[in-house]
Amino acid sequence: MAKKEHVELVPIFDDNYVFILTDDATQKAVAVDPGDAGPVIDFLRANKLDLAAILLTHHHSDHIGGVGELKAAFDCPVYAPQKNQKQIPVADQWLKEGDSVTCGPWDFTVMELPGHTLGHIAYWNQKHKWLFSGDVIFGLGCGRLFEGTFEQGYESLQRIKKLPPQTLIYCTHEYTKSNLEFCRILTNQDNTPITGDSEALELYANELSNRRELNLPSVPLKLSIEESVNPFLLARDVEQFRYLRELRNRQ
């Protein structure tokens, strides 16, 4: 029997995911970062779901592009970062660090995780140990720092590392295969200051290959595994993080 509360992934564009939290008991749903409305509406209607809320992590168009159409179709509230009021005028409620949000059966705590953007937030669900992290962290990688500093990017990852090891991270891009190639470049460099668990990385690579061959997502990520293989989580200080991020930017 299907779980009462679960997360479904709706692929959009080339490598984005929209996350649809679904409550089987009430047929209510919550959408996280719907960059495109059409596939989300199709999924909701096919599964006879009513959209109860939209959660946004940051203002980039591939995360908010479908909000207006979805809000008009389902008349649901939109939650967004307080620091992005100008960029996301369609939102109804503005969120900051430590705020609590209840949507249907789900309770979330808001975490401000700047770096990728200055106003970036994530949504933490304690009950299921779910983190909806936007573009802060990816499988074996992290988001580019378009607005924030290296210090902010590093500290945001340190905050994620403090979550329970069983945390499931729902990041919104399928970048894991590309990031694996970067990890292997690091492994083959004699002078790299960051090395992870090579055996764990190969197990990770095998699992990733198996999933992608079946057209299955690499998301959600398991925090306990990312901590042993993700070079950006293994960085011991801001300077190591800067080294990695600048190297990755050149790839």
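Each Cβ is built from the backbone N, Cα and C atoms, and glycine gets one as well.
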Further binder of Zn(2+) 2 named by Swiss-Prot next to D62, H63, D135, taken from the candidates H6, H173: H173
Zn(2+) 1 binding, same site as H58, H60, D135 - Swiss-Prot member from H116, H128: H116
Listed binding-site residues (H60, H63), ranked by Cβ neighbours within 10 Å, top entry: H63
H173 (Zn(2+) 2 binding site): nearby binding-site residues from H58, H60, H116, D135, Cα cut-off 10 Å: D135
Env. residues of Zn(2+) 2 site, Cβ within 8 Å of mean position of D62, H63, D135, H173 Cβ: N16, D33, G35, H58, H60, G134, T172
Number of Cβ atoms other than its own within 10 Å, given for H58 (Zn(2+) 1 binding site): 29
Around the Cβ of D62 (Zn(2+) 2 binding site), the count of other Cβ atoms that are within 10 Å: 17
